[in-house]
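Trainee: The structure's right below; bear with me while I get my questions together.
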Amino acid sequence: MKQFVYADNAATTQISKEVLDAMMPWLTEGYGNPSSIYELGRTAGFAIEDARKQVAAALGAQPAEIYFTGCGSESDNWAIKGAAHKLAAKGKKHLITTVFEHHAVLHTCAALEKEGFEVTYLPVDHNGLITAQQVADAIRPDTALVSIMYANNEIGTIMPIPEIGALCRERGVWFHTDAVQAVGNIEIDVAAQNIDMLSLSGHKIHAPKGIGALYIKKGIVLPNLIDGGEQERGRRAGTENVASIIGLGRAMEIACADIPAKISKVTPLRNKMIDELLTLPMSRLNGDRERRLAGNANLSFVGAEGEALLLGLDMAGVCASSGSACTTGSLDPSHVLLALGLSHEVAHGSLRITISDWTTPEEVDHIIDSVKAVVTRTRDISPLWEDIQKGRKTIAL
């Protein structure tokens with residue numbers, strides 16, 4: 001029987017039994033509308049508020065600062081568009097972000113540019129990092145918002161969020177971070193780290209798809225995301241997804257319970273993968289070796305197309321990715337890898353392997369063996385690899 005290993009946890013995660021068990025009663029007997037005044041509805045409403053407390057506690061926030069959304073992309077849109085439109089009335093129509101954000105941020109900024117806003121896109125260094133000084137140099141009197149992702153979804157690099165947060169607070173500029181990949185993998189305290197808005201998504205932490213949240217610091221009032229009823233204190237109308245909200249609360253409680261222990265367990269497995277796979281010729285690690293998420297290994301193998309690698313790994317029972325799941329189907333190289341200064345040939349041969357604390361050492365060994373075999377087979381039929389081997393083409397890593 002073919003061994004199956006899931007190694008694409010940056011794309012989504014398997015819902016946990018604990019989360020599913022917490023959700024099930026609200027899919028069966030606890031089906032009341034939370035806005036109803038009778039007991040069945042009131043009970044659902046109370047459960048939502050309990051979940052709000054769980055999410056807030058995991059982030060160092062107050063429950064009234066947590067708003068449930070449909071996903072991380074929705075949270076990003078609300079934070080960025082909301083801040084831009086709110087502060088435009090004060091003459092602030094400048095935003096700052098980076099060149100390698102998730103498309104939920106980049107496309108939102110592009111939409112605002114069409115409305116007349118100006119966006120500064122900060123470059124990253126060859127390891128995929130920026131500095132707080134870059135942000136400081138970019139801030140202007142008309143800057144409305146700085147939006148920098150906490151950890152990159154493709155290469156896992158971790159930005160200096162506390163330093164950027166302190167800088168923005170000192171300069172009086174609102175600060176938003178897309179923390180979809182960071183939550184549950186990095187210890188976050190929104191108050192201590194001076195974060196004004198933070199986006200998260202449930203399906204990255206073993207909760208269901210279709211549920212997310214946006215933290216909005218007390219005192220910041222954004223335009224309503226959806227007008228209608230009084231759900232989410234009137235700022236995001238629509239009947240709540242009760243079961244998924246309860247699942248998100250439980251997932252946050254579990255994911256953030258002992259992050260240092262999780263990091264200690266996962267990091268050695270990831271390092272073993274990286275060290276073993278870098279023994280393949282013409283291979284490189286993408287992103288900083290140390291300042292990266294514990295479960296993320298993103299490597300490029302010149303002469304092996306990413307799509308071919310994924311198909312080969314699928315046949316070997318390994319689920320991985322060649323980039324962000326949100327851009328699957330695109331033949332263009334990853335904008336994240338190009339931002340590192342990689343050539344198209346190197347970027348096209350990328351493979352993202354993201355393990356979790358559910359991943360076993362035996363599964364890691366299977367991943368290593370499978371990647372080595374698939375890379376070798378793929379290169380055997382690659383014209384580019386043949387040209388490199390025969391000295392007809394030289395490619396810098």
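Glycine is treated like the rest: Cβ placed from N, Cα and C.
According to TrEMBL:
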- Cys326: active site, cysteine persulfide intermediate (ACT_SITE)
- Gly72, Ser73, Asn153, Gln181, Ser201, Gly202, His203, Thr239: pyridoxal 5'-phosphate binding site (BINDING)
- Cys326: [2Fe-2S] cluster binding site (BINDING)
- 5-366: domain 'Aminotransferase class V' (DOMAIN)
- Lys204: N6-(pyridoxal phosphate)lysine (MOD_RES)
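Neighbours and distances for these, please.
Mentor: Around the Cβ of Gln181 (pyridoxal 5'-phosphate binding site), the same chain contributes Ala10, Met149, Tyr150, Ala151, Asn152, Asn153, Gly156, Lys204, Leu293, each under 8 angstroms and 6 or more positions distant in sequence.
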Trainee: According to DSSP, which kind of secondary structure is Ser201 (pyridoxal 5'-phosphate binding site) found in, if we only use helix, strand and coil?
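Mentor: Assignment for Ser201 (pyridoxal 5'-phosphate binding site) reads strand.
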Trainee: Is it possible to get the count of other C-beta atoms within 10 angstroms of the C-beta of His203 (pyridoxal 5'-phosphate binding site)?
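Mentor: Result for His203 (pyridoxal 5'-phosphate binding site): 23 neighbouring Cβ atoms inside 10 Å.
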